[in-house]
Structures are given as structure tokens and as C-alpha cells.
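Each remark here refers to the structure printed beneath this line.
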Amino acid sequence: MAQSVSAFQAAYISIEVLIALVSVPGNILVIWAVKVNQALRDATFCFIVSLAVADVAVGALVIPLAIIINIGPQTEFYSCLMMACPVLILTESSILALLAIAVDRYLRVKIPVRYKSVVTPRRAAVAIACCWIVSFLVGLTPMFGWNNLNKMLGTRDLNASHSEFVIKCQFETVISMEYMVYFNFFVWVLPPLLLMLFIYLEVFNLIRKQLNKKVSSSSNDPQKYYGKELKIAKSLALVLFLFALSWLPLHILNCITLFCPSCKTPHILTYTAIFLTHGNSAMNPIVYAFRIKKFRTAFLQIWNQYFCCKTNKNSSSTTAEMVN
């Protein structure tokens, strides 16, 4: 049965659609840039592609499902649960990709001479596959039983069939807040974020020491090598900072909901936190464009070659920039 949409819901849907329209093309551009630019083929950028794939899925899958859930259709319990799980999978995938990027940057400054023999394309591919497998296991845990079905059945007809249990589909209705706080946040979100903070602090510390000592490395010019590493590390640390800034408010609200059931969270605060989480998927391409020259060059090459038809004029100069 068709359900009317309120003015508030219409505004919510409009903002979500706008985020998706920025996120999907922006992250497809990131993946495209890595494909066309040979200089973006190392392990770090493979992990960035994994992160971009998750962000594309947020815009193309999670946001449409969030809009459906916001409208609150009448659905079977597990159908609603299936719509709520993708965001959990993709959040964990993003966190693990960011962790892999942090470890990769650490290895580049800790063992610059042996780095290429240690971080091979095969090992990077295995790491990415493991990240996605873990993400699916963590995100689909509610499907395996850690959900609100038994709690809801306790308040309804105990003889009702599980397969025919119809509810108004909302995230909090099907997803257990204990799962969100104790398992998702305290185990799979907060510890990786703290670990990444420690890793980046160590990366900056190592780079500063090397720049001061001018220790020899795989590069002919240690000063230049570590200078580049510092610049890229700062850009990727900014990506991590924006991720934490976008996701921590919603997790904090979940903690308040669990530990203080009588506390009433203003709807505007909840929606702002949701917009931040979805909006994070649109932020990374902007950071890459402004902070990482190789990405900026690749973006310009794609624009000139495929959208402005300036291949002959710009291709040679852009290619030269990408090699440098």
C-alpha cells in the first residue's frame, strides 16, 4: 500500500539523493584514475580503490535503502534486516581499508628498501580480500541471530510465524543496540581507529627522524623521498580524520540510546549524524583531488580525454606529469 511522504521526509530524501549524486561519480572517478595512471598502481592506491568501491556502494545501495527504511514500509522482519545490513558491511570495509592504508604507509617509511619485496601485489590483493570477508562476517552478524526478533516476538503473539512476522521497517526496530555498541563499535570501530591514530603518529615520527638524519633509502634523494611520504601521509591521515569525524557522532548517539534509555535524542541530531556518515563517502575524492598531485593529474587527464575531447593537445603533457 502506498505511503505518503511528509515534508520532512522529502527534505531528508533530497539531501540523501544529493549526497549519492556526489559520492557515486566522485568515487568512480577515483577508481578510473587508478586504472588510467600507472603511477597509482602501488599497494596504497589498491587499498584506496577498495575504499572507493565501498563508497560507491554507499551512494548506490545504502542511501536508497536508507530512504526506503526512513519511509518505514511494512515488511517481513528478515527483509527489513537485509536492508539494514549493507551499511554495516560497508562501514567495516571502509575501516579495514583505512587500517590497511595506515599499515602500508608505515611499512613504506619503516622498511623503504625492502618495502616492494614485502608488500607485493599478490599480498595486497589477499589483504583486500580478507578485509571484505571480515566485513561481510561482521556486517551480517545480525542475520545470524543477533537481532531484535526475539525481543519483538515477546511483545507480540507468541504463536506468530517467523516467516510471516510483518513490521514497520526501521533500523532500530531490527538491529540490536547491544550489537551496535558492544560488538560493532567497541570491537570493530573504536579499536581500529585508535590503532590507526597510533600508526600515523609513528609514521610522522619516523619521517621526521629520517628527514633530520638524512638516512639513505631506496630513493637517490632521501630528502625528496621522505618529503613525498610526509605529504601523502598527511593527506591519508586527513581521510582518516574525516572518517572518524563523520562516524563517531552516530556511534556516540547509539551509546546514549543503549546506556540511557530514558534520554531523548533530538531527531535533528540523529539525522545530522546520519547525513555525516553518508556524506563521508563523498569527501574522499575531494581530498584526493586537492591533496594528492597524482590523483589531480589523473582526474584532469580523464576530464580532458573523455569529456573535453582534448586528447591530442593535453595527453602528452598530462602523461608526462603522471610519470613524475
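All residue numbers here begin at 1 and follow the chain in the order shown.
Cβ coordinates come from backbone N, Cα and C, glycine included.
Just so it is clear, the model here is predicted, and its values are computed rather than measured.
Taken from TrEMBL, the feature domain 'G-protein coupled receptors family 1 profile' applies to 26-288. Taken from TrEMBL, the feature transmembrane segment applies to 12-33, 45-69, 81-103, 124-146, 185-207, 236-259.
Listed as Cβ neighbours of the transmembrane segment (185-207) (distance under 8 Å, sequence separation of 6 or more from its ends, same chain) are residues 91-92, 95-96, 98-99, 102-103, 105-106, 109-110, 138, 226, 229-230, 233, 236-237, 240, 244, 247, 251, 254-255. For the transmembrane segment (124-146), the residues of the chain that approach it from at least six positions outside its boundaries are 43, 46-47, 50, 78, 81-82, 84-93, 96-97, 100, 104, 174-176, 178-179, 183-184, 188, judged by C-beta separation under 8 angstroms. A Cβ distance under 8 Å defines the sequence-distant neighbours of the transmembrane segment (12-33), meaning residues of its chain 6+ beyond its ends; these are 5, 40, 48-49, 52-53, 55-56, 58-60, 63-64, 66-67, 70, 271, 275, 278-279, 281-282, 284-286, 288, 295, 298-299, 302. Beyond its flanks by at least six residues, the transmembrane segment (45-69) meets 12-13, 16-17, 19-24, 26-28, 30-31, 34, 80, 83-84, 86-87, 90, 93-94, 97-98, 100-101, 104, 121, 124-125, 127-128, 131-132, 169-171, 274, 278, 280-282, 284-285, 288 of its own chain at Cβ-Cβ distances under 8 Å. Taken together, the residues of the domain 'G-protein coupled receptors family 1 profile' (26-288) have an average pLDDT of 92.
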